[in-house]
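Visitor: Swiss-Prot feature annotations, pasted as is:
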{"type": "SIGNAL", "residues": "1-16", "note": "signal peptide"}
{"type": "DISULFID", "residues": "Cys42-Cys131", "note": "disulfide bond"}
{"type": "BINDING", "residues": "Tyr43, Gly45, Gly47, Asp64", "note": "Ca(2+) binding site"}
{"type": "DISULFID", "residues": "Cys44-Cys60", "note": "disulfide bond"}
{"type": "DISULFID", "residues": "Cys59-Cys111", "note": "disulfide bond"}
{"type": "ACT_SITE", "residues": "His63", "note": "active site"}
{"type": "DISULFID", "residues": "Cys65-Cys138", "note": "disulfide bond"}
{"type": "DISULFID", "residues": "Cys66-Cys104", "note": "disulfide bond"}
{"type": "DISULFID", "residues": "Cys73-Cys97", "note": "disulfide bond"}
{"type": "DISULFID", "residues": "Cys91-Cys102", "note": "disulfide bond"}
{"type": "ACT_SITE", "residues": "Asp105", "note": "active site"}
Amino acid sequence: MRTLWILAVLLLGVKGNLLQFEMMINKMAGRSGIRWYSDYGCYCGKGGHGQPQDATDRCCFVHDCCYGKVSGCDPKMAFYKYSSDKNDIVCGGNNPCLKEICECDRAAAICFRDNLSTYDNKYWNVPSETCQVESEPC
């Protein structure tokens, strides 16, 4: 019960797309994005700088780059349309910007699923100085 309360409190600050992204990660990777990816490596959860620490962190790097290419709407606040079945997510709707955000989130959720074996607890809450080297270009 305490865990549900904590999760509810965390989700109060999550708006729009970030909540949808959390749901996609749960669907595709079978785990909570907030719990597993909110403070991982140099790119998962904190914006990002430096070199991705492993394949899982690279999923977040690519996701950040994808969001950086979106124009015309706010990736972290916009609601998009999508449907899901057993093994996939399909982005829908008529708004190209919203569909682009959805595709960014979809690709990251699939990347997390495909790289579950690379997740390493040593990259959880890495010191900020680890991520101070120059970032590679998107």
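Every residue gets a Cβ built from N, Cα and C, even glycine.
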Visitor: Find the one among the recorded positions Tyr43, Gly45, Asp105 whose C-alpha lies closest to that of Cys60 (disulfide bond).
Guide: Tyr43
Visitor: Once the chains shown are all counted, how many other Cβ atoms turn up within 10 Å of the Cβ of Cys73 (disulfide bond)?
Guide: 18
Visitor: Specify the secondary structure state of Cys66 (disulfide bond) as given by DSSP, simplified to three classes.
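Guide: Looking at the DSSP assignment, Cys66 (disulfide bond) belongs to a helix.
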Visitor: To the nearest whole angstrom, what is the C-alpha distance linking Cys102 (disulfide bond) and His63 (active site)?
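Guide: With the alpha carbons as reference points, the distance is 11 Å.
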Visitor: How far is it from Cys104 (disulfide bond) to His63 (active site), counting Cα to Cα, in Å?
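Guide: Cα-Cα distance, Cys104 (disulfide bond) to His63 (active site): 6 Å.
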Visitor: Do you know offhand how many angstrom separate Cys66 (disulfide bond) and Gly45 (Ca(2+) binding site) by C-alpha?
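Guide: So the Cα of Gly45 (Ca(2+) binding site) lies 15 Å away from that of Cys66 (disulfide bond).
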Visitor: Can you check what DSSP calls Cys73 (disulfide bond), collapsed to helix, strand or coil?
Guide: coil
Visitor: Tell me which of the recorded positions Cys73, Cys91, Asp105, Cys131 ends up closest to Cys59 (disulfide bond) in space, Cα to Cα.
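Guide: Smallest Cα separation from Cys59 (disulfide bond) among Cys73, Cys91, Asp105, Cys131: Asp105.
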Visitor: Note down the number of other Cβ atoms within 10 Å of the Cβ of Asp64 (Ca(2+) binding site), including every protein chain shown.
Guide: 20
Visitor: Fewest neighbouring Cβ atoms within 10 Å: which of the disulfide-bonded residues Cys42, Cys44, Cys97, Cys131?
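Guide: It is Cys97 that, of the disulfide-bonded residues Cys42, Cys44, Cys97, Cys131, has the fewest other Cβ atoms within 10 Å.
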Visitor: I'm trying to understand the geometry here, so how far is the Cα atom of Cys44 (disulfide bond) from the Cα atom of Asp64 (Ca(2+) binding site), in Å to the nearest whole number?
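Guide: Approximately 9 Å lies between the Cα of Cys44 (disulfide bond) and that of Asp64 (Ca(2+) binding site).
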